[in-house]
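Visitor: A single structure is presented below for examination.
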Amino acid sequence: MLLLKAKKAIIENLSEVSSTQAETDWDMSTPTIITNTSKSERTAYSKIGVIPSVNLYSSTLTSFCKLYHPLTLNQTQPQTGTLRLLPHEKPLILQDLSNYVKLLTSQNVCHDTEANTEYNAAVQTQKTSMECPTYLELRQFVINLSSFLNGCYVKRSTHIEPFQLQLILHTFYFLISIKSPESTNRLFDIFKEYFGLREMDPDMLQIFKQKASIFLIPRRHGKTWIVVAIISMLLTSVENIHVGYVAHQKHVANSVFTEIINTLQKWFPSRYIDIKKENGTIIYKSPDKKPSTLMCATCFNKNSIRGQTFNLLYIDEANFIKKDSLPAILGFMLQKDAKLIFISSVNSGDRATSFLFNLKNASEKMLNIVNYICPDHKDDFSLQDSLISCPCYKLYIPTYITIDETIKNTTNLFLDGAFTTELMGDMSGISKSNMHKVISEMAITQFDLCRADTTKPEITQCLNSTMYIYIDPAYTNNSEASGTGIGAILTFKNNSSKCIIVGMEHYFLKDLTGTATYQIASCACSLIRASLVLYPHIQCVHVAVEGNSSQDSAVAISTLINECSPIKVYFIHYKDKTTTMQWPIYMLGAEKSIAFESFIYAINSGTISASQSIISNTIKLSFDPISYLIEQIRSIRCYPLRDGSHTYCAKKRTVSDDVLVAVVMAYFFATSNKHIFKPLNST
């Protein structure tokens, strides 16, 4: 750190040296250093001399040369717009130090004719590269586009967003690969300095050579805006380039077509522009250059692009493109010198059309997503209504975008979940029913790992003597469909809101006979007997048998359990409104949502746990019962209803929720303390 008293003197000295030191050109006519080493251990470096080959592995040499002789100096003037004056502040060297360094290097110059020849050849190669027509053409495109975006295209805009720069890079570097295949890697390295990519690994640059790139970007971010600018500068700067543009609607294609025409006519001579409105084509021909073309089409006229030759094909709002148009578009993948660039916003209205997100698992990294939510905090974002940014990232918002809590609430009132998808760019959370995950992964991990050892006396003596069992019967032998789910819960004496899952069953009937109720009741009784072995302090069991499927069968199950149970069993009863009779069954209704909400809260807060000695006669033989339950817990989703309420479900094509419902309802009855359980013979 500089001392305050020395700061003024240092500033004065720097000003004096800056004013007296003249800018000198980088002289490559004679070598500065020629090393006295064997030919196999040296290399000719065009900007310095003949140096030991080991220096090529050091970034210091490259950094030094680019600092004092950057490629971006002395650039040609742009054809339109204002040239960006890049700041270039190289360290100033005192004259005495400069003289001393020159003295040292002059003493170490070895007069080697062969080495001089090697150096001159390296210098000539460097000059040839810098005078190559392809390099000059591509450099002119970069300068033109940079200058055009520097307050020319839009007066108040001089900067572009990171995703817009990435779109430019995918376009530009693919141009290099098709314009100069033999010099692709060398030109890749040269243009790294133009885009500020000096530190990027060369292997990473190969991504830009992909045949297809996909960009998923939220609404109103300037997707089409930057495409118009890129295409306009491509036509005017690069000869013999053929560009295609496909939109999902005719008016969008016409709008882009008109905007490009207006841009070209405003900033470039009209005599170079040939417009063919009947087929949406623009031909731009500069003097002494081959013409470049643009064709704008829509997905409704898919045959218009068949038979065409495109080097770059931009597919705008690709998620909304008609599916029968995709074969005509994807056919250009076979063309060796063609690249497809899919650009789209998220289609939250229809998951079936959001096909671009399927490429997230592609072997090539071709999917680029602008998203304000990271995968690790997606759950937090869905659970907290007031959250408008990712908890771990500083939310970068473009100046022309507004994201706040009011916008979020209003947008979601129109379409639930639209804020997350349309505005925040989150694709992975889309579903047909706009479902949201409600249990965090951290809570599930804690539930799985932190299991109580209920065989220890100090734990057992803290448990109540009443066990709660819920039975969700299924009268089918189809193992691919629903089975009978049974859940058993014990609560703590000192805190009835805390409980332990001690048993669960998922029972499937072997065949459809008249003994279905007996088999289900026997399964429940086996669970009760096994519980008494581990927990002999249990004095009674409170049972709820769901009767939604068949009330008669549910009554039969309750009766059989009452007869076969080794201890007292109390049942919840349902009162018949017509006969005032009470049946030992439970009719599941609106309380299901309340039960799920209390269970979700218990999992997230850690007030429910599982026993290490979980009882299961049907699951444990092939699967860990708790892992079996966790698989269903992960599938819990909340469905919003039209009346503003919510319902919960965990059913999936490959996962049923029978065991989960039984455990959830058993927990609900064990902790709610508002239901009456009575003996079967009670009136």
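Cβ from N, Cα, C; glycine included.
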Visitor: Motif 'Walker A motif' per Swiss-Prot: which of the ranges 73-80, 217-224 is that?
Guide: 217-224
Visitor: If you check Swiss-Prot, which stretch out of 204-209, 312-317, 438-443, 552-557 is marked motif 'Walker B motif'?
Guide: 312-317
Visitor: Across the motif 'Walker B motif' (312-317), what does the pLDDT come to on average, as a whole number?
Guide: 91
Visitor: Fill in the CA-CA distance, Asp472 (active site, for nuclease activity) to Glu317 (active site, for ATPase activity), as an integer in Å.
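Guide: Answer for this pair: 48 Å between alpha carbons.
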Visitor: Counting Cβ atoms within 10 Å across all protein chains shown, which of the active-site residues Asp472, Glu546 comes out on top?
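Guide: Neighbour-count leader: Asp472.
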Visitor: Looking only at Glu317, Asp658, the active-site residues on record, which one has the least crowded Cβ, with the fewest other Cβ atoms within 10 Å?
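Guide: Sparsest of the active-site residues Glu317, Asp658 by Cβ contacts within 10 Å: Glu317.
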Visitor: Helix, strand, coil residue numbers for the motif 'Walker B motif' (312-317) per DSSP?
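Guide: The counts are 0 helix, 5 strand, 1 coil.
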Visitor: When DSSP states are folded down to helix, strand and coil, where does Asp472 (active site, for nuclease activity) land?
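Guide: The three-state answer is strand.
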Visitor: Does DSSP give Glu546 (active site, for nuclease activity) helix, strand or coil?
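Guide: Going by the DSSP assignment, Glu546 (active site, for nuclease activity) falls within a strand, counted as strand.
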Visitor: If one measures from the C-alpha of Glu546 (active site, for nuclease activity) to the C-alpha of Glu317 (active site, for ATPase activity), what distance in angstrom results, rounded to a whole number?
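Guide: That comes out at 50 Å between the alpha carbons.
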